[in-house]
Number of protein chains: 2
Amino acid sequence: MTAAASSAPPRADILLVPIALGDRSYDIHIGSGLLADPASWAGLPASADALIVSNTTVAPLYAEALAAPMRQRHRRVLQLALPDGEEHKTAAVLEQVYDTLLGAGCDRKTVLYALGGGVVGDMTGFAAACYMRGVPFVQVPTTLLAQVDSSVGGKTAINHPLGKNMIGAFYQPARVLCDLDLLATLPAREFSAGLAEVIKYGPIADVEFLAWIEANLDALMARDRAALAHAVKRSCEIKAWVVGQDEREGGLRAILNFGHTFGHAIETGLGYGAWLHGEAVGCGMVLAAELSARLGLVDAALVPRLQALCRRAGLPVTAPPLSALPIERWMALMRVDKKAEGGEIRFVVIDGLGRAAMRPAPDTLVADVIRAHAAPG
Amino acid sequence: MTAAASSAPPRADILLVPIALGDRSYDIHIGSGLLADPASWAGLPASADALIVSNTTVAPLYAEALAAPMRQRHRRVLQLALPDGEEHKTAAVLEQVYDTLLGAGCDRKTVLYALGGGVVGDMTGFAAACYMRGVPFVQVPTTLLAQVDSSVGGKTAINHPLGKNMIGAFYQPARVLCDLDLLATLPAREFSAGLAEVIKYGPIADVEFLAWIEANLDALMARDRAALAHAVKRSCEIKAWVVGQDEREGGLRAILNFGHTFGHAIETGLGYGAWLHGEAVGCGMVLAAELSARLGLVDAALVPRLQALCRRAGLPVTAPPLSALPIERWMALMRVDKKAEGGEIRFVVIDGLGRAAMRPAPDTLVADVIRAHAAPG
């Protein structure tokens, strides 16, 4: 980034994470007041037309704050608010984006802006990948989960009645703006769910970051901007490092699913919506740590350590009671998870603190782990 | 291609056109009896599941001939016949492909085979681009137009009520099998329409090929396999050379639209379906040659030369009467064509025989060209 096009030097408090992907490289900007900062926009395509895709919850809060600086760069700034929620991540709702673009006569240089959480980001990115065979898009994630999870990896998709994220594309944004001010209105439960994905990066890749989160969790929970900036930056850096070695999801990228095999079983077993994804991942990490310890791969002290951290972050650390989710149901759900091969369930385990690996585990051992952490009843 | 995996040396009568696109490189095989030739399949992914996407016209003729060798390579060979015709190139019909794949539990290694013309190829390619964010696909084009046009370029798409090919992706096949035997059942009118796109490559890029087509047109019209093989091969080679310099459609690729600006006006002006796309392109080339000559860019002898060739190929060489398509309507239709910039219509012209360029032209000159070639009435 050069300051040549700006009227002031770059702000020192804005962190940049460069994502190196050849001619699809882009930067993640992390900080406060990004939308009003000219440096956030420098170098992006200044097409005639632009479309802000948001949802009915976020648009009333932030669409105008995004539209104002965009009007300096685009002749027409269109807006579309999709219905809010995972159940609307469908082909029918995606069609609304195309209808809006074509109804307004938007050409193949139009820039799309995704203003919202993961659902808006996934749908807008997929629409950008397909509209006239590809137009640029910019991510402006408004949840902590989307800032640390959707900023890196280029995954876009919609759901199909027969499965989540079944129809999609790998498509990289032109830029990601993680404006921490946008997190101010995020409900506490969603904020905690986002923290689960931040915490995840410690045990799988960075012991020092785990210690830093422990030391700064109170500041994070208070949504201190400087603490948040570091947490988002370090999460994006680690994810970029993993994805950079495995862009199309061959092997290593699977370690990002630490806690997710157990977590998906909870989400699906209780019905989507009962637990937030991040909540299920929080509890899932505790179970995966326990499994790792019982396999002799990591010191058992990791289990209470993660429990304490997740509890402080407002995340559930006890699995649903067996009456609500019996062992056989857990097993069946984890077996259909895409990491199961030949009937044997493979887990992301901690193989020495700060390092993750994929390992199968005997059903009996897995069942013991679940029993040890299920709530009574 | 090595013969190591086959039980016999490669057949001498099968022509290969390698398409060099880095890790997305693939080969076009051109010849007779390709479906039954083991070399056609060597090196392709042998996944558990495969899906043949065809249409209700082609499937009864050739789906089994394709499915038989595929059963040697895939545990399950699913089949889906879409409704035939451009009007079915829609999001709703695309959804049938996803429903079939997910209903059968096909995983992310499933290989899709497109058995049909341009519509089937475009839809299957787009479905492959998006299913689980990308699965391999193989093109088996069954029309001459699809063999010379869809084999190279990686364009996939569906139509939207507000525009053709508006939703799509650039996505390369793993292989293209141009089996000339499949052209035996192609109606004469569609065969001629395909020849228009073959003839096109002469004036824009290869004077010798133009002379070769003139010398071999009778053999082509008789669907002689050797003549067809050369025509398809040379067309694919020239298109690959053009596209290779302009994969994402910046500039040079536009020369492939020789005859298309006039042609699209005929297609749209008379209503889609009245003239086949190739028929409109055939007549459009005559008009574009006339325009090139009047601009002083090429010898006027090209006009009767192209007229004679197109006439022999069974293509119309006279534009619709002005009563059916008045000059003002022509102009309006060509102005909305995507090559119009700032109100001035840009045409692909022949700039010295065997070379094409993009040029604007005065409206009065264009009108004169149309009047000179319109049928009376």
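Please read every residue number as a count from 1 along the shown chain.
Cβ atoms are placed via backbone N, Cα and C, with glycine included.
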Quiz item: The Zn(2+) site in TrEMBL includes A:H260, A:H277. Which of A:E197, A:E208, A:E328 is also listed there?
Solution: A:E197
Quiz item: Within 8 Å of the Cβ centroid of the Zn(2+) site residues A:E197, A:H260, A:H277, which other residues of the same chain have their Cβ?
Solution: A:L145, A:D149, A:A196, A:K200, A:N257, A:G259, A:G263, A:G278, A:A280, A:V281, A:G284
Quiz item: Across all chains shown, how many C-beta atoms besides its own are within 10 angstroms of the C-beta of A:K164 (NAD(+) binding site)?
Solution: 14
Practice problem: Give the residue counts of the domain '3-dehydroquinate synthase N-terminal' (A:80-192) per reduced DSSP state, in the order helix, strand, coil. | Solution: 46 helix, 34 strand, 33 coil
Exercise. Please tell me which one of the binding-site residues listed here (A:E197, A:H260, A:H277) sits closest to A:H88 (NAD(+) binding site), measuring Cα to Cα?
Key: A:H277
Quiz item: If one looks at the chain holding A:D84 (NAD(+) binding site), which residues at least 6 apart in sequence have a CB under 8 angstroms from its CB?
Solution: A:N55, A:T56, A:T57, A:V58, A:V119
Exercise. Could you tally the C-beta atoms, other than its own, that fall within 10 angstroms of the C-beta of A:H88 (NAD(+) binding site)?
Key: 19
